[in-house]
Amino acid sequence: MALLAAATLNPTTHLSLRSRAGRNSENLWLRSAASSQKSKGRFCNLTIRAGTPSKPAEPIGPVFTKLKPWQIPKRDWFDKDFLFGASTSAYQIEGAWNEDGKGPSTWDHFCHTYPERISDRTNGDVAANSYHLYEEDVKALKDMGMKVYRFSIAWSRILPDGTGKVNQAGIDYYNKLINSLIDNDIVPYVTIWHWDTPQALEDKYGGFLNRKIVDDYKQFAEVCFKNFGDRVKNWFTFNEPHTYCCFSYGEGIHAPGRCSPGMDCAVPKGDSLREPYTAGHHILLAHAEAVELFKACYNKHGDSKIGMAFDVMGYEPFQDSFLDDQARERSIDYNLGWFLEPVVRGDYPFSMRSLIGDRLPKFTKEEQEKLASSCDIMGLNYYTSRFSKHIDISSDFTPKLNTDDAYASSETKGSDGNDIGPITGTYWIYMYPKGLTDLLLIMKEKYGNPPIFITENGIADVDSDPTMTDPLDDWKRLDYLQRHISAVKDAIDQGADVRGHFTWGLIDNFEWSLGYSSRFGLVYIDKKDGNKRKLKKSAKWFAKFNSVPKRLLKTTNNNATVTVTSVSV
């Protein structure tokens, strides 16, 4: 989970980008950017389910308005095979940072070395103590009726030095977690890497700034496939690479904390206009190598899927103008397309190639062939949206961060002075469900309608009075989730191939540079009472929502959805 950055382009720079994503756009999944893609239109013939349309909620203004009873989503709006679940990541919940042979990660080092960079000067040493309390997490999932748990593997827990000898205690921990999930009829979806690179590799050669990490990541992925692949059938190679690159190597507010000299970060010895692209390039190469290995050696029966989870922000033009309309397109390119287009067609968006120049690395033909069509499934992490406002390319504006390269600003208020949606408990999340629907339709119309899971979606309570007087009465989170689940249904009704919705997060966790001051969980973690788990109102709603008997849900016959019956929850 993280705040997302904006992006942009001068409309005269690349004329092919003048059409908005949608009915006037070329389908980039079908368009071949290189000869490598002539036989790789994997998602071109997907079946689109028809369904009973949900009743849309009333538009959201600058304040919260209560949903009508018929607008609150029901489980029987969705096919019986649509998956509801929750997500977490290793560093944010596990704790046990140096137990049972685990090596330090970049986040261990960052929090211990630069505690002032965390808003409440905390760290993930204990976090929610899920390393010891994982059975309580599984119980919470079961109590809510969730069918999926998406979690990540701590690289340095199973490979303390990042490569070489495997730590069996780490393997044992994840085996116990996976087995417990399966015993409780919960499907594990595993993220191989969620920002916590082994510090040993950072010290050895600079982590993701060095191409050597591609082979080391491949070894790490193989350890995961070999030890867990008999039970884990759904994998995400990387989580939110866009946010990672921007925050870790651009602004430097996340581990390893690098930025350009003269900027305010932990390690002002980097290059905020070049290093984010270098790290991102190596992430994509590592993804391609891991996918090739997976398909050649660990999916011989074809019953497993692999992909990537992308952070996405919705965008609207700041005002009704050609320039802001194009700014919106560039913002989407820099936010989503940076990592999506390489795994779809084998190269970066045209707008990025035009504006970034030689700071953006190039792929070889062989690398393009490995990257193109390399995702069986895709995850979208959606929280909020912004207005995108054009910035002229001129001597008056000099990019200092990689996010400036897009020549567009992200605005919370439109040209009329109104917020894009109601502000939630977290300063950066404005509720705008339409942004999620729009993005899903872009995936359908521009990118070939790949199978999508909403792998993160939620809001935080701020852990201080008066914002969070009763941590269990999270009515704003409940309203937010209900509206966004409805937004997913709206996209499905328009043909988007969405397969599941996973709330972020299962439990309150260490929220990176915000420490424990922002609580995203469906389940409250009482740190004053041994990290005891307590279901919030939103969790209890999910328990009711998911309680509809399977026999009353929709069934699929001849690729068309038929509603057997309908119940209210």
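In case you wondered, yes, glycine gets a Cβ from its N, Cα and C as well.
Now, the feature entries from Swiss-Prot:
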type: ACT_SITE; residues: Glu240; note: active site, proton donor
type: ACT_SITE; residues: Glu456; note: active site, nucleophile
type: BINDING; residues: Gln92, His194, Asn239, Glu240, Tyr383, Glu456, Trp504, Glu511, Trp512, Phe520; note: beta-D-glucoside binding site
type: DISULFID; residues: Cys259-Cys265; note: disulfide bond
type: TRANSIT; residues: 1-50; note: transit peptide
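In this structure the alpha carbons, written CA, of Glu456 (active site, nucleophile) and Cys259 (disulfide bond) are 27 Å apart. Whole-number maximum of the Cα to Cα distances across the beta-D-glucoside-binding residues Gln92, His194, Asn239, Glu240, Tyr383, Glu456, Trp504, Glu511, Trp512, Phe520: 18 angstrom. DSSP classifies Cys259 (disulfide bond) as coil under the three-state reduction. Put simply, of the recorded positions Glu240, Cys259, Cys265, the one whose Cα is nearest the Cα of Tyr383 (beta-D-glucoside binding site) is Glu240. Cys259 (disulfide bond) is 21 Å away from Asn239 (beta-D-glucoside binding site) when you measure Cα to Cα. Cβ-based crowding with a 10 Å cutoff singles out Tyr383 as the top-ranked of the binding-site residues Tyr383, Trp504, Trp512. Comparing the Cα of Trp504 (beta-D-glucoside binding site) with the Cα of every entry in Glu240, Cys259, Cys265, these being the recorded positions, the smallest distance points to Glu240. Annotated pair Cys259 (disulfide bond) and Gln92 (beta-D-glucoside binding site), C-alpha to C-alpha distance, rounded: 23 Å. A simple way to gauge crowding: the CB of the residue listed as 'active site, nucleophile' has 28 other CB atoms within 10 angstroms, across all the protein chains here.
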